[in-house]
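Worksheet: the structure to be examined is printed underneath.
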Amino acid sequence: MASLIYRQLLGNSYAVDLSDETQEIGASRNQNVTVNPGPFAQTNYAPVSWGPGEVRDSTTVEPLLDGPYQPTTFNPPVDYWMLLAPTDRGVVVEGTNNTNRWLAIILVEPDVPTEERTYTLFGQQAQITVANDSQLKWKFIVVSKQTLDGAYAQYGPLLSATKLYAVMKHSGRIYTYSGETPNATTAYYSTTNYDTVNMKAYCHFYIIPRTQESKCTEYINTGLPPIQNTRNVIPVSITSRDIQYTRAQVNEDILISKASLWKEMQYNRDIIIRFQIANSIVKSGGLGYKWSEISFKPANYQYSYIRDDEEVTSATTCSVNGVNEFSYSGGSLPTDFAVSKYEVIKENSFVYVDYWDDSQAFRNMVYVRSLAANLNSVMCTGGDFSFALPVGHYPVMTGGAVTLHSAGVTLSTQFTDFVSLNSLRFRFSLSVEEPPFSIIRTRVSGLYGLPATKPNNSQEYYEIAGRFSLISLVPSNDDYQTPIMNSVTVRQDLERQLSELRDEFNSLSQQIAMSQLIDLALLPLDMFSMFSGIKSTIDAAKSMVTNVMKKFKKSSLANSVSTLTNSLSDAASSVSRSSSIRSIGSTASAWTDVSITASDVSTATNSIATQTSTISKRLRLKEMATQTDGMNFDDISAEMLKTKIDKSTQITADTLPEMITEASEKFIPNRTYRIINNDEVFETSIDGKYFAYRVDTFEEIPFDVQKFADLVTDSPVISAIIDFKTLKKLNDNYGITKEQAFNLLRSDPKVLREFINQNNPIIKNRIENLIMQCRL
């Protein structure tokens with residue numbers, strides 16, 4: 001039988017683990033190898049000395065604590081704290097806008113009774129009454145007046161054990177600190193023309209950006225880091241902040257080393273990455289209430305931007321990996337809204353963006369080292385997608401958000417319609433963000449991640465700014481370009497090939513002769529006969545079989561086998577613990593998931609549909625375990641796959657694992673299975689439809705779900721190649737004997753061939769329908 005190929009792939013999956021283990025052992029071993037490159041013209045090895053190179057950044061990193069600076073008069077920048085560190089009592093700092101605000105800070109030592117002191121403020125003598133009741137802490141006092149000749153008033157004192165104070169200009173105000181350490185907080189004074197206020201500091205001070213205000217508060221309450229209190233820290237003039245430091249250029253081409261034929265070039269580039277996240281939405285047939293698949297797919301995007309006064313043409317390809325599959329079913333009725341599968345990317349997912357531009361850096365990107373990149377993060381939010389139903393209110397999938405964080409960069413290859421491009425692949429890890437996504441008018445709500453329904457949220461693209469640096473081995477002659485095929489590090493992107501191959505496979509369905517299909521489906525098909533039609537198979541047969549099994553191991557069919565094995569083990573354990581007849585019979589739940597309560601007479605129709613649908617999804621495995629002489633769906637599926645592989649002009653050893661795995665999951669999605677009990681037949685489909693009828697009259701009888709569940713354990717499962725509706729139509733129009741009916745029920749290939757050779761339109765239409773379901 002042709003379905004032997006699927007059983008072999010399932011039975012030999014252990015070889016995948018062995019292969020992976022062997023590769024891991026080989027990768028973990030280190031071996032020193034000395035290579036003698038020989039004459040330069042007769043070797044592919046680089047005749048250069050691989051130096052460490054350098055990675056320079058165009059981004060200025062602002063220090064957290066800038067200073068200390070010498071006492072001076074200057075206009076502090078807005079949104080920067082001026083952290084003052086006086087060593088003795090007296091005036092600490094004073095500032096004015098020369099209009100309506102004169103403000104100064106005075107420091108008073110501990111344990112000072114109320115007394116009047118004379119201070120020089122803004123060039124004039126002023127009598128200020130001060131006091132400090134604290135025995136240990138110093139006291140900062142804010143004195144302020146609103147006219148040049150006005151009297152000073154005192155505000156917001158700060159009792160400090162650290163002897164530190166801070167002021168800042170921000171949003172039309174002058175901010176200070178008040179209270180008592182270690183619980184000091186900020187206070188402010190409204191000031192016009194606040195940005196023109198000059199400060200005169202009488203002590204050493206530091207500058208801290210407002211973005212680090214929490215750190216400034218920490219210093220005020222707990223003191224400066226110990227390193228700032230050593231004699232080696234020497235204050236400098238504030239004018240040192242005005243020194244123009246040389247920053248890295250937006251475009252840099254640096255010569256690292258050079259020989260007669262080769263040279264090492266370091267390329268540093270500021271880049272802007274724009275990308276789109278594409279999706280595919282497939283609606284099921286029928287009345288228009290079902291969607292079969294909503295998934296992500298790779299997307300190419302071409303754009304241009306200005307870099308260093310030069311227009312750069314760029315191209316990106318965005319793809320995702322590690323998607324999470326969700327589904328929703330509103331019920332079993334044809335008019336119930338349902339989505340069989342929709343994909344969501346979450347924390348366990350990755351987004352890949354392949355980037356290329358027309359600069360010199362990408363011209364010879366073949367032998368590369370010291371590859372590094374720094375990129376910003378970007379948030380991707382989901383938009384609203386309405387499921388257009390024929391009647392009723394539309395369900396709407398809305399919300400969902402993730403943030404992309406840079407997680408690495410490698411070399412890759414982008415495939416466009418006309419050319420292959422060496423490019424950089426930027427890998428992004430994900431973190432989920434608010435809001436969660438939901439499907440309005442359904443029970444789906446509060447789920448986190450980004451669904452594939454509308455990942456761009458009406459935006460044309462997402463944008464990330466960053467910089468990359470690499471050292472590339474290039475020919476010394478700038479006019480020569482290293483051939484792209486020499487690269488051994490690029491990743492061959494198969495998605496474009498697979499898309500074309502799927503289209504070819506689907507078009508080949510119409511070229512397969514129905515009369516030959518049954519004969520070919522009965523032939524034993526093993527792995528090597530399956531691969532015999534592919535070029536260069538003999539040389540790569542072993543590795544190709546391993547690759548096929550490695551991919552097949554992750555298929556839904558293989559996962560179902562693993563789940564079923566665990567269920568059977570649990571069921572066997574329950575039998576050993578209890579000797580009752582009911583417990584032994586309950587082992588059927590391993591195949592069916594039907595509980596003991598399923599025998600309740602009052603079981604609702606919807607409940608039966610759900611149970612029979614659950615059973616049907618596992619009957620494929622049961623049929624594989626109890627092979628009969630009849631033909632089954634997997635025989636047709638495997639033979640269709642084999643025939644299409646032989647006829648295909650695009651299949652390769654790289655795309656074969658994908659095609660076999662997809663075919664095992666997607667060929668003939670609408671399957672119906674039956675169990676024969678004397679003259680009664682039980683028939684169920686994976687979409688929840690069920691029939692029970694007598695063979696002699698084809699009259700329906702009540703469907704006993706518990707009896708059906710019990711029969712699953714002991715009776716062979718048969719693929720309903722000719723389903724109940726087709727049988728009834730055949731009997732009503734042509735009339736068939738009881739023997740013919742039994743043979744068709746058992747999917748006897750001889751009887752099927754006879755009806756096809758007689759050009760029976762009903763049987764031919766059913767087989768043609770199965771052939772057309774063999775699509776990707």
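Quick reminder: no glycine exception, Cβ is built from N, Cα and C everywhere.
Record features, source Swiss-Prot:
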COILED    484-511  coiled coil
DISULFID  Cys203-Cys216  disulfide bond
DISULFID  Cys318-Cys380  disulfide bond
REGION    65-224  region 'Spike head'
REGION    248-479  region 'Spike body and stalk (antigen domain)'
REGION    389-409  region 'Hydrophobic'
REGION    510-776  region 'Spike foot'
SITE      Arg101  site 'Binding to sialic acid'
SITE      Ser190  site 'Binding to sialic acid'
Cα proximity to Cys380 (disulfide bond), best match among recorded positions Arg101, Ser190, Cys203, Cys216: Cys216
Cα-Cα distance linking Ser190 (site 'Binding to sialic acid') and Cys318 (disulfide bond), given in Å to the nearest integer: 50
Arg101, Cys203, Cys216 screened against Ser190 (site 'Binding to sialic acid'), Cα within 10 Å - retained recorded positions: Arg101
Number of other Cβ atoms within 10 Å of the Cβ of Arg101 (site 'Binding to sialic acid') across all protein chains: 20
Rounded distance in angstrom between the Cα atoms of Arg101 (site 'Binding to sialic acid') and Cys203 (disulfide bond): 22
Tally of DSSP helical, extended and coil residues in the region 'Hydrophobic' (389-409): 0 helix, 13 strand, 8 coil
Arg101 (site 'Binding to sialic acid') - helix vs strand vs coil (DSSP): coil
Nonlocal neighbours by CB distance (under 8 Å) for Cys216 (disulfide bond), same chain, sequence gap 6 or more: Trp81, Leu83, Ala166, Ile208
CB contacts for Cys203 (disulfide bond) [other CB atoms within 10 A, all chains]: 20
Least surrounded among the disulfide-bonded residues, given as Cys318, Cys380, when other CB atoms within 10 Å are counted: Cys380
DSSP-derived class (H/G/I helix, E/B strand, else coil) of Cys203 (disulfide bond): coil
